[in-house]
Amino acid sequence: MEYRKILSTTAMKKMKNEKEPIAMVTAYDYPSAKLAEEAQADIIFVGDSLGMVVLGYDSTIPVTMDDMIHHTKAVARGAKNSFVLTDMPFLSYHGSIDHTLRNAARIMQEGSPKAVKMEGGIEISESMSSCVKAGIPVMGHIGLTPQAVNQLGGYRVQGRQPEQAKKLIEDAKALEQAGAFAVVLEMVPEELASYITETISIPTIGIGAGRGCDGQVLVFHDLLQYASPIQPKFVKAYKNVGLEIKNGIEQFVQETKNQTFPSESHVFHMDSDVLKDILDV
Ligand SMILES: Nc1nc(=O)c2c([nH]1)NC[C@@H]1CN(c3ccc(C(=O)N[C@@H](CCC(=O)O)C(=O)O)cc3)CN21
Ligand SMILES: CC(C)C(=O)C(=O)O
Ligand SMILES: [Mg+2]
């Protein structure tokens, strides 16, 4: 892979202004990060969705700081020339500012991503600005915030009601004020996401938020159909990797059972004189 300039948060703002879309994709380990980098994703994102797609939990709530750091380390090794972003997990940026800063510091020092992401609006703006003041670039995330699934009552579209819509607009402005370099809009009606995109100066990255956002993000396992436990309406399946993997393993199992694997090309031999010596003993 030839040298590639790692995107900066300033360059992302320039992309918004020049209407060059930002493509972000999740990655959770060395191979997914390597492939995402080779595919020239602008942002390689270690989402806490890893809890659901690679650890098998049924929400992102059980995901820990150690989980996020462990996976970020692998991604950072696989995508050395990319802007790596890491989700702060459930309740790691709540409570005291000290607690938030300690956790953000751990992620930056141990995982070495370029930035972190936090879910929430006005409520977390102080936590966010404390990190920004400490020199950590932070991305916001509003609309459907999966860490609040138990309060939201499911993974539903957010902002269809006037009060909800107004709150989302205020949240987006608050995050911009708090120093966010970009904001994810998740499961927000296209009309509202487009309005927010026009209203704030930082890039919006949509997931189920329509065509007006400054960029798009999808989960690796969703866009590749790689055994993802969920298939939301906003997902476009570009490949069926899961089927390919299953077929490959099925063939291996069959060939082992009918003894067509291994064949001559997969085995090692030894010198026939040596063999004779041994057998003669
Ligand atoms: N694999 C995966 N992809 C994601 O996009 C994702 C995760 N995991 N985990 C964390 C959150 C949770 N997300 C989700 C989870 C479920 C739906 C879902 O079931 N949506 C349905 C129902 C919509 C509705 O009721 O309004 C859909 O058809 O989109 C959407 C987003 C998005 N994030
Ligand atoms: C759905 C995206 C934005 C996310 O936060 C994740 O993958 O964890
Ligand atoms: Mg997340």
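Just so you know, glycine gets a Cβ as well, placed from its N, Cα and C.
The feature active site, proton acceptor is assigned by TrEMBL to GLU186. For GLU186 (active site, proton acceptor), applying a Cβ distance below 8 Å and a minimum sequence separation of six or more within one chain yields HIS141, ILE142, GLY143, LEU144, THR145, PRO146, GLN158, GLY206, ILE207, GLY208, ALA209.
According to TrEMBL, the 3-methyl-2-oxobutanoate binding site annotation covers ASP48, SER49, ASP87, LYS117. For SER49 (3-methyl-2-oxobutanoate binding site), the same-chain residues that are 6 or more apart in sequence and have a Cβ closer than 8 Å to its Cβ are THR26, THR60, ASP87, PRO146, VAL219.
Feature annotation from TrEMBL assigns Mg(2+) binding site to ASP48, ASP87, GLU119. Taken residue by residue with DSSP, GLU119 (Mg(2+) binding site) is part of neither helix nor strand, so it is coil.
The Cβ centroid of ASP48, SER49, ASP87, LYS117 marks the 3-methyl-2-oxobutanoate site; residues of that chain outside this set whose Cβ lies within 8 Å of it are THR26, PHE45, VAL46, GLY47, LEU50, THR60, VAL63, MET68, THR86, MET88, PRO89, GLU119, HIS141, given in sequence order.
Checking the binding-site residues SER49, ASP87, LYS117 for a CB within less than 6 Å of any atom of ligand 1 leaves SER49, listed in sequence order.
Residue pair GLU119 (Mg(2+) binding site) / ASP48 (3-methyl-2-oxobutanoate binding site) shows a Cα separation of 11 Å.
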